[in-house]
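Student: Grabbed the feature section from TrEMBL, which reads as follows:
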TRANSMEM  12-31  transmembrane segment
TRANSMEM  107-127  transmembrane segment
TRANSMEM  133-152  transmembrane segment
TRANSMEM  183-211  transmembrane segment
TRANSMEM  231-255  transmembrane segment
TRANSMEM  294-314  transmembrane segment
TRANSMEM  321-341  transmembrane segment
TRANSMEM  380-401  transmembrane segment
TRANSMEM  407-427  transmembrane segment
TRANSMEM  993-1014  transmembrane segment
């Protein structure tokens, strides 16, 4: 009875503390009118997936979980797509208990529930390690409430799952090491494998490190261990059963991931050997605070008690060897991008593995709490020295300055209170018990402070990144202003949709809300995407292609949208009114009265696009399934440019291997290159009158009446203002700077004599703007215009050059640059690195395109591109100029910049109309099936825009027939002449084998469990 009471006390104390901390932190966010749904991945991925999952659980969705979904971009397996987020998350299934109008509330409540179980998981491990009640409670709070846990709670809630499972995994491994049953290890491992393959991969490394260190730790302590062969056998048996039990989910997921866009697509560690120096400078501060700038997921922000405990255990190195070695490994791991990349599935250098490090920090703190009476004066002296060193390091890292946000100061104040309590412990050891209560209060206050650094808009800008309450539920209904509802009433056939590039402008590469509206929108934003679809987009040089969203809006390319069966396009109403470029063949859908179908804006606070929606219908969209009577062989297709491939796919189908009996096509393309001249449109400071004008605008000492604007000065005005600006007799230094700027511009002009080859910054660091003047603008009327940039390389200014820019601007403005200002400029530069990211803006009279090259600090979509093919849109209007500008970079170099026009006329109409007629007769599309009748008098190739997957099985007239990859990414097959009944049926690859494997695994697990209970049954003598 005593033992049960003791357990209840730990659980109850933790629960009460948890309620207080969450009430203050999450409650603060709620009080400011915000939800816990992040305005990036939260609304773009997590919320719509959870809402669709809710429908699946209630049977009101468009399909079951184990099926193909046409609402996942071009189509994808529902289970393997969702598996990364919630299929194996037991908490996600609880969403079914909420009313449909409370899903957003359920999203928040399930996040808090996961967070609560994180602490319970720690308590289970701490109890196994025989920590005292106080150590269990303190450790649980520190493990539950830290920077990492708070960050993922409102960015990626399912990332709390590994924080739940990792302590349990360590516990089950330790049981095996001590000769106990391996059954629990197999069950926990199976649950992890079902939960998330990515988390399983991550925890394998943590488990191996724990296994090795703990093995030698127990050996050093003379604990009786199983023989090595016995240990390895038990571990192997546990893993085999875990793999079998989890196979129903694991096997399909592994197959999906092996064929995903990420396989071979990621750049290992973003090509970094070392992190940018700003990362290392912010690490010391990140130990205790969330300083607002999180680089490479270096989220620590542990309790001040943990830092004190680290100093204490490191002083007792041999006694706590296992803990200390692990702390050292964590410190080393934080230094190298290769470590983070390896633990992040050999991709980007994301330190997500720090979720496991939080367990070590909590165990270290719990160890100290259980041995507070062993804290000595010498420990306090060492702690004082470490703190002094940390203060100096932070001072240097901040640019020889102590400048903190209010919440950081509060965190450090609490840390000082920790130190004060420890000094009291040394001075008044008789007050040990009340001091421990005070210590608990400080741990809770520390946790609240860390939470407020994320959730309170008085201390952080982060709440502004959370959607206002109830916005998600509204936006998920009115994403298209109700245009989706209009379409569903007026078109009962199967169709795909897309949006114009600027329908919404978000910083994510996509949004999955259309999934909820049954619009079959081709854009999709998921972590696991079809690798063949990704390859198709790369073959056609889709500038919007990314690993997380291979197709996006297909850059609104007319022919590409037709190839992908896009029948409708959602466009902004204001773009239509302003006659912005739209793809050829897309015309406003008409109402019964003959008027354009324009859906009025349905405003949604903070996220709406501020305009209504126009529905454009594509006259030339190809069917989902159609026939091609000619083939393009791999050698021919390979030699074509991206735009030529796009055209060629309307003439014939691209195959991986030549098919006998089907004519080969030699595509004849109509693309044409357009000549142009390069013109510098910015006005660099090259002459004294330019400099006079610059000083009038930038030197605030002069009267306001002197600032006459940015227009070039006339000779008379220049003479009048020369003395006022101190330029009646320019200094040698000023003349030299003007000459330097002139040289930069002259060299740039020379480089661009025969086409655009360089975009540069001037001596002030100001990026220049350019115009490409088309030589024969009438030739591009009635065409889709493209800008083809190849051989792209960039250079970025280093710190010295950026400082020099400040100095040059000061010289040009005629303003002083004191040492204090120079120091502040230096601080600003080192705290705002460029990360090799830049933006390029391309604009014509019919619209504009913005291309963002993500930097080396981007951990999701970093793909440096040396070739860009940018669609400038179709227009029958005259376009004379293409304007270009860029940001951040010092220079952008190009090997070639071509302007290419793709005509749309009779040939395009004939090709698409011909292919439309070859579509399946009586086509019927359901979740897992496409069927219809194909009519033809010759051997032909069945061609689709269905993403290639081995899960699709084809039957022709009831007989199985092999499918093949066509058009670099889709399902195809060879058909003999004649009329045939076609049926494509989908089954999740690996699911059948996975089910049988899981049945075997569950039976073996039950047998092993029974055997374990029988063999460990206690006797009366025991």
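Cβ atoms are placed via backbone N, Cα and C, with glycine included.
Source: prediction; values computed, not measured.
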Student: Look over the recorded stretches 107-127, 231-255, 321-341, 993-1014 and say which has the most C-beta pairs under 8 A to the transmembrane segment (133-152).
Tutor: 107-127
Student: How about the transmembrane segment (407-427) and the transmembrane segment (380-401): at least 3 CB pairs under 8 Å, pairs 6 or more apart in sequence, or not?
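Tutor: Result for the transmembrane segment (407-427) with the transmembrane segment (380-401) is yes.
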Student: Which of 12-31, 183-211, 231-255, 321-341, 380-401 shares the most C-beta pairs under 8 angstroms with the transmembrane segment (107-127)?
Tutor: 12-31
Student: Could you name the stretch, out of 12-31, 231-255, 321-341, 380-401, with the greatest number of CB pairs under 8 A to the transmembrane segment (993-1014)?
Tutor: 231-255
